Amino acid sequence: MHRASLICRLASPSRINSIRSASSYGNNTISATPLVQQRKQSVAASVKHEPFLNGSSSVYIEQMYETWLENPSSVHTSWDAYFRNVEAGAGPGQAFQAPPSVAYAGSMGVPSAPITSAAPATRLDTNASVQSISDHLKIQLLIRSYQTRGHNIADLDPLGINSADLDDTIPPELELSFYGLGERDLDREFLLPPTTFISEKKSLTLREILQRLKEIYCTSTGVEYMHLNNLEQQDWIRRRFEAPRVTELSHDQKKVLFKRLIRSTKFEEFLAKKWPSEKRFGLEGCEVLIPAIKQVIDSSSTLGVDSFVIGMPHRGRLNVLANVCRQPLATILSQFSTLEPADEGSGDVKYHLGVCIERLNRQSQKNVKIAVVANPSHLEAVDPVVMGKVRAEAFYAGDEKCDRTMAILLHGDAAFAGQGVVLETFNLDDLPSYTTHGAIHIVVNNQIGFTTDPRSSRSSPYCTDVGRVVGCPIFHVNVDDPEAVMHVCNVAADWRKTFKKDVIVDLVCYRRHGHNELDEPMFTQPLMYQRIKQTKTALEKYQEKILNEGVANEQYVKEELTKYGAILEDAYENAQKVTYVRNRDWLDSPWDDFFKKRDPLKLPSTGIEQENIEHIIGKFGSYPEGFNLHRGLERTLKGRQQMLKDNSLDWACGEALAFGSLLKEGIHVRLSGQDVERGTFSHRHHVLHDQKVDQKIYNPLNDLADPQGEYTVCNSSLSEYAVLGFELGYSMVDPNSLVIWEAQFGDFSNTAQCIIDQFVSSGQSKWIRQSGLVMLLPHGYEGMGPEHSSARPERFLQMCNEDDEIDLDKIAFGGTFEAQQLHDTNWIVANCTTPANIYHLLRRQVTMPFRKPAVVFSPKSLLRHPMARSPVEDFQSGSNFQRIIPETGAPSQNPPNVQRLVFCTGKVYYDMVAARKHVGKENDVALVRVEQLSPFPYDLVQQECRKYQGAEIIWAQEEHKNMGAWSFVQPRINSLLSIDGRATKYAGRLPSSSPATGNKYTHMQEQKEMMSKVFGVPKSKLEGFKA
């Protein structure tokens, strides 16, 4: 890393001139962009001969030269001589001819050589000049080594057992002998380079330099920042750690810290005493987390942030709820009692619960809102949810740069290094439609994962190395130095405010108990836990410190301990009086105003006026004058206008009418996912690109009216897990919005299965949290193989909370039955087959008096299918979503003669229409589409069954028998038919382990086999049939 053979070859005159021209630009004000350009030009010409130009010394030399240009006497005489030689025309190697070299064992020898006659007027003694430059470079390299590698030998482990970076060796570049320096040089004075702020003086002795570097970089704080590519950011961090006395706290600040440590520590001790056999995932061993979070909030509030969204795992959660959010202690303690819930929902364990509280921040004297997002035990899954929530809050507040809204994410060391969603979430950091302009990450680094040693749980030196990918500064800090923790938290808050980038605070700590309080850690970590038993708490150590410093006396300490003990006991007594638990006390995203004056069983019409339809399609089919549109898209847009005239609108028009009508009503619409701007199947084209002007775009749906709701359509990163989580978090903030995530193919949605299972399907039941998120999952068997055919509808249907048996004696169809079903369901599962129905479904998501997630199996081939069209009247006022679409052809005119009543869902309907015609069964077989699978339309299915009393009931599907909707619909249809002694039969593919065949021939044979079963005809009658 530090090779003088690369670094000590100083710049050529051409390089010096490039620096001079850059430094003189704009009245001697350094301009970063011209400087970078000049560097590139200089390097391009001489990089082969000047390898140091890619090294760290180039920046150092430039800084020295710029300083010399302003004032030659401000640099050491050796540099003054060198620059004068170069200015006089000395070429590379002529200003001095003997660059020193660094050897691991030894010396920086400098061979004597006469300087050339390039600048006789300014020639100094050769050996003295070269030796002096060599000394300065040694010091610069030494300081840089501590800045770069000092964290590797920092005293970070409060137990004194491990090295936080899993390596107990000392980097050789941190040894004086690496630079040919030794004891004899300790009292020599050296000029400090401009890349350090360790002293207000221009020079220090080597002894003082080493002392300061070790104090800054090798004690209880390890600072990782030299991987940052921005010199301004590096200097910013240096100033906040290297400047003398910068980390000191006042007596008042120390007292605040002490009181916060009391609350954090005594809260856990109190719970352990009252409920010794309860799991609570306490914070013992990292009690400083509470003061750390509070310091981040205090500093950020002072800097203008008024809304904080916290995502965290289970460890320490109760403590955060009690001492950061200030949720009433009695409410928290009542969770330890066995009490009946007072309201709906299944609830969740106490260490998963969320909360949203507004209160006065005493340090900033400003009101702040703090939300802790409820989450499952699936570690790190909450990260993107928090980021989406922050982004949405900032959007609705008009806080474009997130100056007032911020995420604080807490992590465990093993999960932070091990869970892929962490990197997926980091990757959203700087994406225009996803950035939250910086989050503060706090890692509770227990140095263990459940029972797994860090050496078995990660391949990187630190658990935080994932943050280096996106340029995070990383501050490692020993929790036994609470004051260092406070300083780091202040810097983190200031960094986020200044640069709008993520920052990581790594609290190196330990876990005093096992993974939970009932776990025995000595089984697997005996030596660590022997040491832990001998280790005092951070509170005890800090108490001794402030007493020794005279910050507080024994009486003050005793009073503070007694005061908080009394608060806990009082809360405990109040908790004993609680007779029930209210799940609503734990809402992380309350919508109180939304539910007021709304009839939960009234579903408004979703149709719109004719003139509105014409206006939206008119805009959707046009583009501005002077915009250079692709010729192919010109035809597409003209086609949209023609569809309106022909009274036959396609899928893209149905989507556009849903979005456009909501936008005109002031509703915010957000569509996110891979390739959604164009659409995976090139049907949407909501963002038009000028063919001649780069980055010039036009979004017709954002140009409908003034004012209107904002339409955000954004291509996402190639991630399902993080992006779906992000959109879920976004949907939680404001119910008056339509938030949609579209998978590239429905098959890929299972990459986000954790979000689907733990948040979307069960979120309302566990956390009383509603969401109107829509998931569009392209689905359909078209011979494209096992990974491009199925969105796995069976899985989504299996997670529906609806009973598969219905008591016809107790259920009254009609009236509010449909609304009641929607109110009670955990989510809506639909497979729409017409543009009008997808339009109504999307609008219904916003017009309903409550919010439910919707899983929609969207089409692929139907996007352009000539039969998959809807007339304009199907969108007009008075029209609504059709839960089923009954047969309207010849069979419906003569029901007694119908031999088979076939229920189906999705694209297969159009395949069966073609097959029915092919085999001549147009009068004998009625085809009914179930558009909404869940809640199941019992009432409408019953009507169809009674209409065709003599018909055989068939369920037909293109999916295999062990997939698709069959296992879901069979018991439901049969519960309706049982009273008549009838039952439904299956027609479709046989069971399979793979969703679909990858062979086109096999696919066609399966299609024909299925159709022969549906229509009861020999397979031979389907020769020549193509679906």
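Just so it is clear, glycine is given a Cβ too, placed from its N, Cα and C backbone atoms.
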Next on the checklist: Among ASP413, ASP429, ASP465, ASP480, which residue shares the Mg(2+) site with ASN446, ILE448 according to Swiss-Prot?
Outcome noted: ASP413
Checklist outcome for this item: One residue among the binding-site residues ASN446, GLN674 has the fewest other C-beta atoms within 10 A of its C-beta, namely GLN674
Checklist outcome for this item: Per DSSP (three-state), ASP413 (thiamine diphosphate binding site) is helix
Item to check | Cβ contacts of ASP413 (thiamine diphosphate binding site) (under 8 Å, same chain, 6 or more positions away) | outcome: VAL443, VAL444, ASN445, ASN446, GLN447, ILE448, GLY449, PRO454, CYS463
Checklist entry - When DSSP states are folded down to helix, strand and coil, where does ASN446 (thiamine diphosphate binding site) land? => result coil
Checklist entry - Other residues with Cβ within 8 Å of the Cβ centroid of ASP413, ASN446, ILE448 at the Mg(2+) site? => result GLY412, ALA414, VAL444, ASN445, GLN447, GLY449, PRO454, CYS463, CYS509, TYR510, ARG511
